[in-house]
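Engineer: According to TrEMBL:
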| type | residues | note |
| --- | --- | --- |
| DOMAIN | B:133-348 | domain 'ABC transmembrane type-1' |
| TRANSMEM | B:12-39 | transmembrane segment |
| TRANSMEM | B:137-158 | transmembrane segment |
| TRANSMEM | B:170-190 | transmembrane segment |
| TRANSMEM | B:222-244 | transmembrane segment |
| TRANSMEM | B:279-298 | transmembrane segment |
| TRANSMEM | B:327-347 | transmembrane segment |
Amino acid sequence: MAEVSFKGVKKSYGRVDVVKGVDIHINDGEFVVFIGPSGCGKSTLLRMIAGLEDITEGTLEIGGRVVNELQPKERGVAMVFQSYAIFPHMTVRENMAFGLTIAGASKPEKEQKVAEAARILQMEHLLDRRPSQLSGGQRQRVAIGRAITRKPAVFLFDEPLSNLDAALRMDMRMEIGRLRRQLGATMIYVTHDQVEAMTLADRIVVLKDGEVMQIGAPMELYHEPANRFVAGFLGAPSMNFLIVDILDLDGEAATVGNQSLEPIRVATRSRPFRKGGKAILGIRPQYLREAPSGKGMLHGTVALAERLGSETVVDLMLRDDRELIAAFDEDKIFEPGDALELIFDTALAHLFPEDG
Amino acid sequence: MASKLTLSNRTGWTFALPGFALIVIFVVLPFFFAIGLSLTNQRLLSPNPTQFVGVENYRQLLGLAVVTLEPERDDAGEVVRNEAGEIQYPRLRKITRSNDYPQYRGMREWFRWQSGENVTVVIASDVVFMKALVNTFLFVLVVAPVQAGLALVLSLLINQKLRGINVFRTIYFMPVVVSIVVVSLLWRFIYDGQNGLLNSILHGLTFGLFQPVDWLGNPSTALPAIMAMSIWQAVGFHMVIWLAGLQTISPTLYEAAAIEGASKWQTFRYVTWPGLRNTAVLVLIVITMQGFALFAQIDVMTNGGPRDSTQTLVFQAVERGYGKQDISGGSTISVILFVIVLTISLIQRWLTRER
């Protein structure tokens, strides 16, 4: 068991800065997910913990020990890769015992630990197969098994479910959640899939261009995004952003509106705004509701409607020719061209400065 | 089998025809010609009509027998010794030319060994062929593992991200591009017995203690010298094949091994080597086949000498077919070589099969 701590960590390839000064503290036994778009540096951070990437600047501590200069094997970490990285010429049993074989463990010890890992992962019947005889999900299970047998202090997952199909991904997601409760080890998980992040994490680290955008519990990030990027990144369909004029400003709230939006009061959450200036109003598609004619705050026409059964996603064209997505939690028929008025709870809206 | 491929693909077949024709004329026909000719007494130029002789050529080449000679004894039954005290044996030709032993007729001694008072002599109907056979096998047995191993080591060395690594790759590959005939000529100078480069270097390194050796003129060094040169010449080619194999191994496997704590040797043993299995089969089969086809080096450097110590099967096949105008003899050797190479390739495939 161990804490992991990034202190001012930077990574550069030549002149390109991939990670630009990151401070993250991960507690012992915590499940932390790094999420962000491609190229945000999330995998690089994970590989730094594993020791597969050098650290250009700053320090990385695992269990209170600075590991910048330590070899991967000296760090007490195990890693599960997106491509599984299990050895094709070894049986499942040999693959799972690999770390123990390398360490020169005795045969009974290997047998016992592999059996235990196989029991946890419910794959006792697969032990004598070769990877080529396994499905994708089973292969990933072998990779996880290999990580478990060594009882590492820190588990690293690098997009472990990205190569699996949707149904299997859900199964494995639940399995990883269960595993986490069983093992209680520190786990760091990289993904670009927000569902994985929201469901698995104790805390999520949102990254963009090598910088931490926000760190917090999933619901904290969802309900109180620190900035427009986090707000737009989490949630599907993603949050609507409207450019609005600041009509009035007092201590805690601003009155905003535009051509399509009736003036409303929205909390500023201590962000700096200027009366007469512009701001970005963020509102999640799920918080929009249909209003009777003449009573709506937002006015637009239906451009496209997608019926998903459990919900209906409507693409609206607003009066100022900007698009807006509304998601209604019922199956409803909308015709393109229909005028539509919407209302929402202003407490659920977010106001961001124009530059972020 | 009437299919779209055979019926309505006239243009395709027209395009393929020249290639097919060339392959048939220069590969398929000669192959069957060789088998056919090996069963006759065909000569390159001969006024006599060709006759079918069955397996006589094969019998002539492969004829082997073992005879035991007992010591000559005097009237008292005592073993006769010469002045130096060596036991005297009857001359071999008393047997091979005797009418009592028609099966040994025309055979000559290949080698002999002492067992007790008696001496056992292996006689062959074609001693030169037997020497060629042994030399060829020896050549393959030494060159295949050494060349493959050396090439693997080189490929591991050049499979690194280092500044200027392409310079090394080029240098190691260079001998492959040069014609083997040119290489052989150059190495004749290197191996020269008087002031060859090799002798000069060894002389210099040992501060004059090393006595010059006529590398190609000495029966005990000629074949090893040719082996060394052949290994050096083609090692770059196999290095490139190994390198191709190395680069198909997924880098994440190495990363996984590193995280699991594998040392360099363990990484090689558990990741690299198993990943090179198919490449190993290819490299070994190619080297084996090239080894059995050893000809140019012999032709340029030693002509099979000294004292037949560098005779090889292909050299003998050419020597007989064209030098002695004995086309049927040359064909027979070719067919035997084909059978040997085929057998060995099949065995290698079986040994290195997926299990």
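In case you wondered, yes, glycine gets a Cβ from its N, Cα and C as well.
Annotations in TrEMBL come from automatic prediction, not curation.
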Engineer: Quick check: do the transmembrane segment (B:12-39) and the transmembrane segment (B:222-244) share at least 3 Cβ pairs under 8 Å, counting only pairs 6+ apart in sequence?
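Structural biologist: With fewer than 3 qualifying Cβ pairs, these stretches do not touch.
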Engineer: Looking at the stretches B:137-158, B:170-190, B:222-244, B:279-298, which one shares the most CB pairs under 8 Å with the transmembrane segment (B:327-347)?
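Structural biologist: Ranked by Cβ pairs under 8 Å, first place goes to B:279-298.
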Engineer: For the transmembrane segment (B:279-298), give me same-chain residues lying six or more residues beyond its boundaries with a C-beta closer than 8 angstroms to one of its C-beta atoms, as numbers and ranges.
Structural biologist: 136, 139-140, 143-144, 147-148, 151, 180-181, 184, 226, 229-230, 234, 238, 241-242, 244-245, 304, 310-315, 318, 337, 340-341, 344-345, 348-349, 352
Engineer: For the transmembrane segment (B:170-190), could you work out the same-chain residues 6 or more beyond its ends whose Cβ comes under 8 Å from its Cβ atoms?
Structural biologist: 154, 158, 196-198, 216, 229, 232-237, 239-240, 296-297, 300-301
